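What TrEMBL records for this protein:
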- 1-24: signal peptide (SIGNAL)
- 27-324: domain 'Plant heme peroxidase family profile' (DOMAIN)
- Cys37-Cys116: disulfide bond (DISULFID)
- Arg64: site 'Transition state stabilizer' (SITE)
- His68: active site, proton acceptor (ACT_SITE)
- Asp69, Val72, Asp76, Ser78, Glu90: Ca(2+) 1 binding site (BINDING)
- Cys70-Cys75: disulfide bond (DISULFID)
- Cys122-Cys320: disulfide bond (DISULFID)
- Cys201-Cys228: disulfide bond (DISULFID)
Amino acid sequence: MDSIMRLIAFLILACCSSLPRGEGIGDLKLNYYSKSCPKAEQIVKQEVVKLYNEHGNTAVSWVRNLFHDCMVESCDASLLLETTTSIVSEQSKDRSFGMRNFKYVTTIKEALERECPATVSCADIIALSAREGVVMLGGPYIPMKTGRRDSKQSHADVIDKFIPNHNDSMALVLSRFKSLGIDAERTVALLGAHSVGRVHCFNLVGRLYPTVDPTIDPEYAKYLLYRCPSPNPDPEAVLYSRNDRETPMIIDNMYYKNLLHHKGLLKVDQQLLSYPATAQFVKLMAADNSHFYDQFAKAMLSMSENNPLTGNEGEVRRDCRFVNAAA
């Protein structure tokens, strides 16, 4: 009997050890903190609402954080690590240009630490704050799973391999999202996040100078030239244009309606209408806001579950800006 039990135990261990990352015991799940920190999700929501009421643009930052963290290797809060003697922060790279409000992640983390020390990961804070940020911006509620762990290293050296540039071809953009299991339709939906926030002139002047991109509506071009009057804008100056002038702080399908009128702000935006594999979805989402919300929510979920660290992988950082000191 003992030998049989030992054989069974061996087979169970062998089976579990062969499971790929993110499956098995360490799976993400809804309400992961229901026992270890029952108020965790409520605290994140409270802090996001408070910060939104004080600084409305934070909601856009939470959505962007999820994209920039989860697109690069893993949803592991590597984005939040600051530069030290041994780490180069992802925030210092060109692909992170214009990102801000990281200090308010610390505000959320501190509230959680007061309630449940060393329990809620920074990676889950990114996911949950993105969920609440979307709601604050008028978008759909997205049932984010939790249980992620935090990376002990930055992925700054590989950012360019994962995050597409706003001037990249649509074929390249689609291939980057496909690597996460996100198809063309849901890529179109994810880019609908550009319906909120603003873009620095530094990223716009390529479409305006020395001549205006002919795909831009002439009246819209006048607005952009007014907002960005120089071909060499100061990256440190406050020189921005709104992504959507109609509903600038609401995630909705106005983004797609603007594309149909050639009012896409970035090259990657307007390409959605001219590229055969995506044009049909632009038209569909412009006509049906509910369909956009459905596809956007599903795409955000897929992104939020990209290759997470779970179980005993990584750590739960006490301060989202730095890895934990060795014990």
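Heads up, residue numbers simply count up from 1 along the chain you see.
Note: Cβ is positioned from N, Cα and C throughout, glycine not excepted.
Summary of the Ca(2+) 1 site environment: with the site residues Asp69, Val72, Asp76, Ser78, Glu90 set aside, the chain residues having Cβ atoms within 8 Å of the Cβ mean position are His68, Cys70, Glu73, Ser74, Cys75, Ala77, Leu79, Leu80, Leu81, Ser151, Ser154, His155.
Candidate disulfide-bonded residues: Cys70, Cys320. Fewest other C-beta atoms within 10 angstroms, Cys320.
Per Cα geometry, Asp76 is the residue among the binding-site residues Asp69, Val72, Asp76, Ser78, Glu90 nearest to Cys37 (disulfide bond). Annotation: His68 are the recorded positions among Arg64, His68, Cys122, Cys320 whose CA atoms are within 10 angstroms of the CA of Glu90 (Ca(2+) 1 binding site). Between Asp76 (Ca(2+) 1 binding site) and His68 (active site, proton acceptor), the C-alpha separation comes to 11 Å. The binding-site residues under consideration are Asp69, Asp76, Glu90. Their Cβ neighbour counts within 10 Å are lowest for Glu90.
The number of other Cβ atoms within 10 Å of the Cβ belonging to Cys116 (disulfide bond), over all protein chains shown, comes to 15. Calculated from their C-alpha atoms, the gap between Cys75 (disulfide bond) and Cys116 (disulfide bond) amounts to 22 Å. Recorded residues Arg64 (site 'Transition state stabilizer') and Cys228 (disulfide bond) have their alpha carbons 23 Å apart, per Cα-Cα distance. Comparing local CB density within 10 A for the recorded positions Cys37, Val72, Cys122, Cys201, Cys228, the maximum falls on Cys122. When the recorded positions Ser78, Cys116, Cys228, Cys320 are screened for a C-alpha within 10 angstroms of the C-alpha of Cys70 (disulfide bond), the residues that qualify, in sequence order, are Ser78.
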